[in-house]
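Over in TrEMBL, the protein carries these features:
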COMPBIAS  51-63  compositional bias 'Basic and acidic residues'
DOMAIN    121-474  domain 'Major facilitator superfamily (MFS) profile'
REGION    1-71  region 'Disordered'
TRANSMEM  119-143  transmembrane segment
TRANSMEM  155-174  transmembrane segment
TRANSMEM  186-203  transmembrane segment
TRANSMEM  215-233  transmembrane segment
TRANSMEM  245-270  transmembrane segment
TRANSMEM  277-294  transmembrane segment
TRANSMEM  354-375  transmembrane segment
TRANSMEM  387-411  transmembrane segment
Amino acid sequence: MGEKNVPLESHSHPERTDDEDKSSRDSSSEIKGPTLEPIRPASRISRKSHASRDRLSLNRERSNNGYGVDDLVDHSSDDDVEAVQLGAPDALTDPFEVTWDGGDNDPLCPRSMPAWRKWMIIFITSVGSFCVTNGSAIYTASYAQMISEFHTSRIVVTLGLSFYVLGIALGPFWSPLAEFYGRRPIYLASFLFFMIFLIPSAVARNIQTMIVSRFFQGLAGSAFLSVSGGTVSDLFTHDKMLMPMAIFSLSPFVGPSTGPLIGGVMVMFAEWRWMHYYLLILSGALLLSIAVFVPETYHPVLLARKAAKIRKETGDSRYYAPIERSTKSIPVTVGLSLLRPFQILFFEPMALILNIYTAMLLGLLYLFFGAFPLIFSTNHNFNLWQIGLTFTGLLVAMIIACCVTPLWNNFRHTLKERRRKKTGVLKDEPEDQLPQVIVGAPLITGGLFWFGFASTPDVHWIVPLIGSGVFGLG
């Protein structure tokens, strides 16, 4: 009856009387033992106790062996705590996980290389990309001579180009091997087999040998294409990646655009086999350059080597790199790489539409390789090297598009800043890439109509070339 009525919304507990407060203070003053803490998961207690116990010894070991491990500072967040509670043992920072000392300033980190060496690697990989893609289009200049020598039709000879492109399409499925062995072995193996399969093409006595060897050339060369793009991100941070990525991205387009010109000159002044000799010489020089000047740049593999070196020098087997804790085997990884593209196609409608769009553009580009010789030789009586020069419209347009890329990047940055001011979050959105497509798609359509309607004998040859340039710009 002497109770005090307290509204529920004002307090979470009933008010305590003065006698209760006094008794609680007296009881707390009598307790001399350690303060009770909330119950924590066993895994979290174990990890934190190990961290506090080994802090001094690890710091001493860090100074003695010259290699770094992350300082044992509690970087755990609410997400880490939740992950630990769910039973993830690696949710917290592991002091024995080997990382880069000082971030990108670690001498073993590829991003700490001198600028001249980075650009030399970019140049070599760009020329390698040029070589593989150049091999696809250079073949088109040899159609007439192979038809005469092998006594076959133009359609059958065209299969050499089709199967080369098919090999390029299948090659990226081997790119997961870089996760286990690094990029450098893929580079070396790719160009070694590319050279080997160029030999049957150069000495072929029938069209069957040519078609089969062309397929394996594309398959071998595409392994290089699928891995080399990551080299740019290995060497440069995100804010410095713009120019090297633009230069590297240009090489796969310069290769096909210059292929008919190079092949036309060789066929006109020598014979079609010299095209394959040229590719053999170029790929051999690239193989030697990669072996001498291009080191391993894949960060996870380099960290694994660093961890192995630390274990050897310290005798402590607890040091490890993240890639060494991976439970995926090579067959599983390759299998996932085969499955994932189809999952994306079936469950992401936007990705399916963009892939169809990109495939259509690539198909149209390779259709030009067959259309240009027919149009300009029939309508304007061009010879082989002049037909090769007609591809300069595409080449110049693609170079212009590459030069405009920084402007698009600035535009995307402006979009991100606007979004940050509205939402307070600065991050990339997939839709930021769409303005380029919105501008480019009408140019592609207009360029195709332009090229088609201007491809008549009574129209000057420069007019369809301008149309092809508009297509290339889009």
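A Cβ is built for glycine as well, from the same backbone N, Cα and C atoms used for every other residue.
Nobody curates TrEMBL annotations by hand; they come from automatic prediction.
Under the criterion of 3 or more C-beta pairs below 8 Å, with sequence separation of 6 or more, the transmembrane segment (186-203) and the transmembrane segment (277-294) qualify as touching. Each of 119-143, 155-174, 215-233, 245-270 was scored by its Cβ pairs under 8 Å to the transmembrane segment (387-411), and the highest score goes to 245-270. Mean pLDDT of the predicted structure over the domain 'Major facilitator superfamily (MFS) profile' (121-474): 86.
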